[in-house]
Amino acid sequence: MTGPSSPSSTASHPASAAQPWRASPCAALTGAVRVPGDKSMSHRALLLGALAVGRTTVSGLLESEDVIATAGAVTALGARAVDRGEGNWEIDGVGIGGLAEPQQALDFGNSGTGCRLMMGVLAGHPITATFIGDASLSRRPMKRITDPLSQMGARFAGPEGGTLPITLTGANPPLPLTYTLPVASAQVKSAVLLAGLSAPGQTTVLEPVRTRDHTENMLRAFGCEVAVDEGPHGIHAVRVTGECELTPTHVDVPADPSSAAFPLVAALLVEGSDVLARDVMVNPLRAGLFSVLKEMGADITFENERETGGERVADIRARFSSLKGIVVPPEGAASMIDEYPVLAVAAAFAEGKTVMRGLEELRVKESDRISATVAMLEACGAEVEELEDGMIVTGRGGRISGGGHVLTGMDHRIAMSAVVAGLAAENAVTIDDAAMIATSFPAFRDLMTGLGAQIAPTNG
Ligand code: S3P
């Protein structure tokens, strides 16, 4: 690719704004919490709202930096996303193909999901837009998105390595495509399906490994037909027929299981704890962590299971438990891909070895999450071996020394996982920077301290 060559200078968290924290061993965590809305669904509600004709309303939207970046992009493209307070938003959609060329580059901050899904949306619009992000997002691979979207007729200009900043010129109209996912990525699947909405005919994504299906579920809620069939070798075909019209709807966003994981795992590890997380989305393609923890001996129960807006929801209760190490099935990785750092913390408190493999994708998340998780556990005094595709954690039955300092590497989930370790370790754990937690879970510290956690800013 050729084109804009200057590195992105949009890091929303310059080093001078680093927020070091200390998480200290604490007494039992108790209480009921409602963690914020699901991040994946919040991005999709804004994007599909922008593509519908008329006003979509959303309740429970996650108001984190990542999602606010998507709301800003949607507004910059001419579909107003308006904050009505307390997680209620309105989006005035302009219809598929109706988005306007933005005046400025679209800044997605730290958010891979917002950036990659929006590339899919704009690949089907006859406009040009430049995508930028912070230092972490500017390192992440975009070729996985630009490859299929180029096959659909979109054009991209950017650095040779396929990273941001990238300028996209959409196709008018894009060509329908049948595309086999080379990596198990819901972001790639979603980008192709969203571009397919503008294509004359059927666009099909073939998934050798199933990934989260919120795009499919939400498209149906907006009145678009999405067919999913299982073919030979368990390959799923997901099909959309383009040039449809999306009908505005109301999206009620349940709580994010990836955020609920932090207070729930903390409850498993801190003696005497009993925590209830309310209204958590438990779509089976997202809930892998909870099954794995149960297999490790965790006292986790789903209560009040129900369905809202096309997604399964439950209240999840976790009580202090003695955990044992297991071999985590690699085929379930996609259903818990964001939960490995906190699972690794749980494994460090278990008795025996926990083997986590098949995790190559973790190397291209907000940080290299295999290396970052291994370094975090080592700083906390846990025994861990790094593998190319995962790690093996050897727990000593409920005890780790803590006392270390963790570098979070612009990764919110490493920061929150290290905090969980510090609450249950023998000595406090410090982190260099909690600022990135605001990308997914701005109220994390308040919510955790409300349960009895000891987390405080330090001087570094
Ligand atoms: C997401 C998909 C996952 C996940 C990310 C959110 C989504 O990424 O890690 O946090 O909303 O589609 P990949 O699909 O690239 O694995």
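Note that the numbers count up from 1, one per residue, in the order the chain is shown.
Even glycines carry a Cβ here, placed using N, Cα and C.
As recorded in TrEMBL, the features of this protein are as follows:
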ACT_SITE  D338  active site, proton acceptor
BINDING   K39, S40, R44, S185, Q187, D338, K365  3-phosphoshikimate binding site
BINDING   K39, G112, R140, Q187, R369, R413  phosphoenolpyruvate binding site
COMPBIAS  1-20  compositional bias 'Low complexity'
DOMAIN    27-446  domain 'Enolpyruvate transferase'
REGION    1-21  region 'Disordered'
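TrEMBL feature annotations superimposed on the structure.
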{"residue": "K39", "record": "3-phosphoshikimate binding site", "DSSP (3 states)": "helix"}
{"residue": "R44", "record": "3-phosphoshikimate binding site", "DSSP (3 states)": "helix"}
{"residue": "G112", "record": "phosphoenolpyruvate binding site", "DSSP (3 states)": "helix"}
{"residue": "R140", "record": "phosphoenolpyruvate binding site", "DSSP (3 states)": "coil"}
{"residue": "S185", "record": "3-phosphoshikimate binding site", "DSSP (3 states)": "coil"}
{"residue": "D338", "record": "active site, proton acceptor", "DSSP (3 states)": "helix"}
{"residue": "R369", "record": "phosphoenolpyruvate binding site", "DSSP (3 states)": "helix"}
{"residue": "R413", "record": "phosphoenolpyruvate binding site", "DSSP (3 states)": "helix"}
Same-chain residues at least 6 apart in sequence whose Cβ lies under 8 Å from D338 (active site, proton acceptor): S258, K365, R413
Do you know which of the binding-site residues S40, S185, Q187 has the most other C-beta atoms within 10 angstroms of its C-beta? S40
Do any of the binding-site residues R44, R140, R369, R413 touch ligand 1, in the sense that the CB is under 6 Å from one of its atoms? none
Measuring Cα to Cα, how far is K39 (3-phosphoshikimate binding site) from G112 (phosphoenolpyruvate binding site) in Å? 11
If the 3-phosphoshikimate binders are K39, S40, R44, S185, Q187, D338, K365 per the record, what's the largest distance between their Cα atoms, in Å? 19
Counting distance between Cα atoms, which of the binding-site residues G112, R140, R369 is nearest S40 (3-phosphoshikimate binding site)? G112
Tell me, roughly as an integer, the mean pLDDT over the domain 'Enolpyruvate transferase' (27-446). 98
Taking K39, R413 as the binding-site residues to compare, which has the smallest set of other Cβ atoms within 10 Å? K39
Rounded Cα separation (Å) that holds between G112 (phosphoenolpyruvate binding site) and Q187 (3-phosphoshikimate binding site): 8
Candidate with the highest Cβ count within 10 Å, taken from the binding-site residues R140, K365, R369: R369
Neighbourhood of R44 (3-phosphoshikimate binding site), C-beta criterion under 8 angstroms, separation at least six: L117, S190, H214, T215, M218
